Amino acid sequence: MEGNSKKEHRALLNQGEEDELEVFGYNTQTLRRAVSLVASVLTAGVLPLVFYWRPEWRVWANCVPCPLQEADTVLLRTTDEFQRYMRKKVLCLYLSTLKFPISKNPEDTLVADCHSVINRAILKPELKLRCIQVQKIRYVWDHLEKRFQKVGLLEDSNSCYDIHHTFGLGLSSEEQEVRRLVCGPNAIEVEIQPIWKLLVKQVLNPFYVFQAFTLTLWLSQGYVEYSVAIIILTIISIVLSVYDLRQQSVKLHRLVEDHNKVQVTIMVKDKGLQELESRLLVPGDILILPGKLSLPCDAVLIDGSCVVNEGMLTGESIPVTKTPLPHVENTMPWKSHSLEDYRKHVLFCGTEVIQVKPSGQGPVRAVVLQTGYNTAKGDLVRSILYPRPLNFKLYSDAFKFMVFLACLGVLGFFYALGIYMYHEVSPRDTTTMALLLLTVTVPPVLPAALTIGIVYAQKRLKKKKIFCISPQRINMCGQINLVCFDKTGTLTEDGLDLWGMVPTADNCFQEVHSFDSGKAAPWGPLCAAMASCHSLILLDGTIQGDPLDLKMFEGTAWKLEDCNVDSCKFGMSDSNTIIKPGPKASQSTVAAIVILRQFPFSSSLQRMSVVTQLAREGHFHVYMKGAPETVVRFCRSETVPKNFPEVLKNYTVQGFRVIALAQKVLRMRKLSEVEDLARENAESELTFLGLLIMENRLKKETKLVLKELSEAHIRTVMITGDNLQTAITVAKNSEMIPPGSQVIIVEANEPEENFAASVTWQLVEKQETGPGKHETYINIGKSSLPDGGRGSGYHFAMTGKSYQVIFQHFNSLLPKILVNGTIFARMSPGQKSSLVEEFQKLNYYVGMCGDGANDCGALKMAHAGISLSEQEASVASPFTSKTANIECVPHLIREGRAALVSSFGVFKYLTMYGIIQFVATSLLYWQLQLFGNYQYLMQDIAITLTVCLTMSSTDAYPQLAPYRPAGELLSPPLLLSIFLNSCFTCIVQVCAFLYVKQQPWYCEVYLYSECFLTNQSNFSTDVSLGRNWTGNATLVPGSILSFEGTTLWPITTINCITIAFIFSKGKPFRKAIYTNYIFSFLLISALGLTIFILFSDFQDIYQGMEFIPTVTSWRASILVAGFVHFCVAFFVEDGILQNRELWLFIKKEFGFYSKSPYRKWQKKLAEDTTWPPTNKTIYSGDGFFVNRGYESPKQVPKEKLKLGGQTTEQHFWTRL
């Protein structure tokens, strides 16, 4: 019973999706709430502040757990590694507020859609439903399934038949009203945050609260100057943050503002057409598409076709043709019916309809699928409003360091309490001084200092035309060790040039027609296919569409025109496209070709088809074009030349892009039959027509960039939708696969009736240079891999189909392939994303560079996605390069490394600065003393503040080092650096503190001021001190003036300058320190000023700084001590802690190895004499792959469990 109650208390929201959440039910208790209220008053508002930071504590304090169906408050928790909490109130909506009567009979449905959650959510006879609003999405309580479900969309369980027949005639006005109440408005509303609200959010940050406490304490003790400086800096920081957030809010608001004001026409059941504002649309409405329109919702096309610009989603402004959802009478969900290609029927919110083509049965119609924030555009806006937190070790380690410094401060607090209580100082002064020591360890400038490096890096990237919408990822770029590249438009030129066409006749390839001479393609079936099988459109007199289609069409020298009255003598619809021979076209027997219907190209299908009619012919033709391997599957075998594989390979190994074309004649006479023709029926029993050969040259920058990445030991991988042999050739020509390396093609096959799933390994023997122009033939032979080729000298290549089979049937084999997989061809967008994720599971830090079209998912999935786009900020990826080549990749990695090293340097400096001040202040506390205001001010503003603002402005080193910087703060070299420098500081300060007491001229000034004034004439100085020297001490008149303070201050100040210098390391990740002119000047100035103050004999300076004059020899001793400290610290930091060879030697001697899964696999596979397998076939068994030459069956699940999950990457610094 108790287990059942717990089950009802918890449920999952968006199960299996990226934004999955756990939801827990709670009921507010009056007594608990009253106790919390009293506690809030007694703690002077501290408890509400804690509740603001920890919403789960507020729920636990005020509520008791209960079943979700009875809850008035829910607690939501993310299921990712961050486990973040949110608190939401359960709201009730009442249908009785509607203006028409509603049946209270439980048997009656309120909406016609039997799949809709609305019918299961409304409680009768109360006519109410319970809902929550989470990140702009509304969820209602489903009484049948006992969980919260999303509303504002049509359920995916609807079949094609349901969509056509349930919604085909429109919704009734009553159902529209019900849906409007339940689903909310179709609006993507981004509130412009009020300035006061943004200010409150900033000020209530835990660090700022601690800072406010610190500054209040310092002001109360008379530290006015430094406190005011920090207050000014904090105010500037907060104002800039608020201004930036406000600007982002305004920009986002303006971006979506027009979306909510579109006037649309819908069809209402039994009432006909009705015009209304788009915010009133509901899922299920019939939307009429009159012509050009910015889509205000997601909708599925049910009648007619249209052309849309999806640039907002993909970053490419290429027109895309959308076709209507087919009339199919089955119960299969409509998305499953179309498999991965369902998008060809869907019009996405925010995209532009630029042309409509009615079917002849009325206007173009679409059923509203999703509204508001459920749409594609809404999802995009939500991803900006609620970005996914970054799991980067630097940030979690920074928090741990903060906790350590705070703990150090707490120790100091108790130490100060003990000292001051022992000397019987008043409780008020004791508490004040203890709190002062508590605040010394955590520097107030820490937040600004940690982000300043990213700000500088962002500015430098902008100069290189690389724009960033996620600055936090810049530090992540410093850890990238694998970069995936798309091929076409990324490694190779974007535009394809026609090289030639190879027609077929009598089951044989004919002579190649070359386009070099500029002559158009000769007339024939292949030319007809080239002229008509495309998705080009005529827009304002200009032909627009896919660049490949455009090049192919230009090769025919035909012209495109819309059907007009004159052309309609063929009896075609005025929405059809007509192709006619141009003046330069080869002589043809056909006056025109009319495109009647399109089956659009899809990356997942790798083909497209059209149904056409040649002028004055009574029958129809189907033309198909696509990947040769795909097209051949749909052709009659007797029409495919027997030497097809050899001819195809001949062209693909030369790096050509090869397109195959095919056709068939339809046995139909009526246009209505064409309209109802299913794609699978059209695309069958085709006649193979020939090949179109297109040249795709490497960009001139590609080879140099890949060489630079290779020399930096950064892996490069090609993920492309193109042919495998073409990809291998491009990889070899670009030297992604180095000369002399072996390529092994991995081919996997799905299980069949009598055969299990299999993987075949084929070794690409060698390259032979043919007689033609750059002709390279790749032979796949039976030889085995030579001994010299084992280890890292081999590269796996595979297709998307093989990847999918291995992913499903040989999962334990996948990591072994990925650690040496270089070429992944014929990859669908979904497979690209999956591959990036699998690399990340092996603990690679993955960069992805693509053109933003089919790469959107992979660009977002990667640690650093770089889109090559002309727009300043592409929504497809965190980084956008306006320079359309891959030079941006090393630029980004260099800046990432420099920013990461800068962040580490600043963090180390501030940690050491806190420790230096903590040690010095603790020593002075021993005799109830402390530094003076101006002493602190000199260190805090003249050194620390300027160091933090300028240390990170050092430029990135122009050459990529063959290793990465440390990725963790909690790494041995960094911890040793902090520890050893702390030891050096303690030794120097303690020795100075004790040694000054041994000097013959020393006296305890704070106890014996008369002694000091009597003996001051013995000092070798011209300063005459008056008896009115009292300083500005806060406790007793003598609490600052002392020989100890006068000695410790220059030592600690020189120490601060020392660590600022040694933590500003230049090469190999940043330029030398002297190139940062401002930082170098400030550091030299600070050192000069410190030495000047130390050796000056001016009374005003000594009186202002609250020093006591000492003998010159003692001052020289202080300077020598500082210099020796600098030499020791510099040698230890630069000669030992930053000595890579030394750490590699220690690793080797003590047997330390990387914990990263990919490193483990590399080590194990290098020791495996049977790997890689060559020229053999392996079959699956028992659900997972077992390579018996490598591991025993019993080990597999354990290894899979151990190596399958993602662990934290550790570099050579951090793995020791």
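A Cβ is built for glycine as well, from the same backbone N, Cα and C atoms used for every other residue.
Quick caveat, the model's predicted, so the values are computed rather than measured.
Residues or ranges marked as domain 'P5B-type ATPase N-terminal' by TrEMBL: 17-142.
As annotated by TrEMBL, domain 'Cation-transporting P-type ATPase N-terminal' applies to 168-213.
According to TrEMBL, the domain 'P-type ATPase A' annotation covers 263-384.
Residues annotated as transmembrane segment in TrEMBL: 34-53 (among others).
Sequence-distant neighbours of the transmembrane segment (226-245) (same chain, 6+ residues past either end, Cβ-Cβ under 8 Å): 193, 195, 198-199, 202-203, 208, 211, 215, 218-219, 444-445, 447-448, 933, 936-937, 940-941, 945. Residues or ranges marked as transmembrane segment by TrEMBL: 226-245 (among others).
Annotation source TrEMBL lists transmembrane segment at 401-422 (among others).
TrEMBL lists 434-457 (among others) with the feature transmembrane segment.
As annotated by TrEMBL, transmembrane segment applies to 906-928 (among others). With a cut-off of 8 Å between Cβ atoms, the residues of this chain six or more beyond the transmembrane segment (906-928) that come close are 398, 401, 405, 408-409, 412, 415-416, 419-420, 423, 425, 433, 436-437, 440-443, 445-446, 449-450, 452-453, 939, 944, 947-948, 951-952, 969, 974, 977-978, 981-982, 985-986, 989-990, 993, 1004, 1006, 1035-1036, 1039, 1042, 1044-1045, 1048-1049, 1052, 1055-1056, 1059-1060, 1063.
Residues annotated as transmembrane segment in TrEMBL: 974-996 (among others). For the transmembrane segment (974-996), same-chain residues at least 6 beyond its ends with a Cβ under 8 Å from one of its own Cβ atoms are 904, 908, 911-912, 915-916, 919-920, 923, 966, 968, 1002, 1043-1044, 1047-1048, 1051-1052, 1055, 1059, 1114, 1118, 1121, 1125, 1128-1129, 1132-1133, 1137, 1213.
Residues annotated as transmembrane segment in TrEMBL: 1076-1096 (among others). Within its own chain, the transmembrane segment (1076-1096) is flanked in space by residues 938, 942-943, 946-947, 950-951, 953-955, 1050, 1053-1054, 1057, 1060-1061, 1064, 1102, 1105, 1107, 1112, 1115, 1118-1119, which lie at least six positions past its ends and keep a Cβ under 8 Å from the stretch.
The transmembrane segment feature in TrEMBL is assigned to 1116-1137 (among others). Beyond the transmembrane segment (1116-1137), the same-chain residues lying 6 or more positions past its ends with a Cβ under 8 Å from any Cβ of the stretch are 973, 976-977, 980-981, 984, 988, 991-992, 1047, 1050-1051, 1054-1055, 1058-1059, 1061-1063, 1065, 1091, 1094.
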In the domain 'P-type ATPase A' (263-384), how many residues does DSSP put in helix, strand and coil?
30 helix, 49 strand, 43 coil
What same-chain residues lie close to the transmembrane segment (401-422): Cβ under 8 Å, and 6 or more beyond its ends?
429-431, 433-442, 446, 907, 911, 914-915, 918, 921-922, 925-926, 928, 969
Can you work out the mean pLDDT of the predicted model over the domain 'Cation-transporting P-type ATPase N-terminal' (168-213)?
83
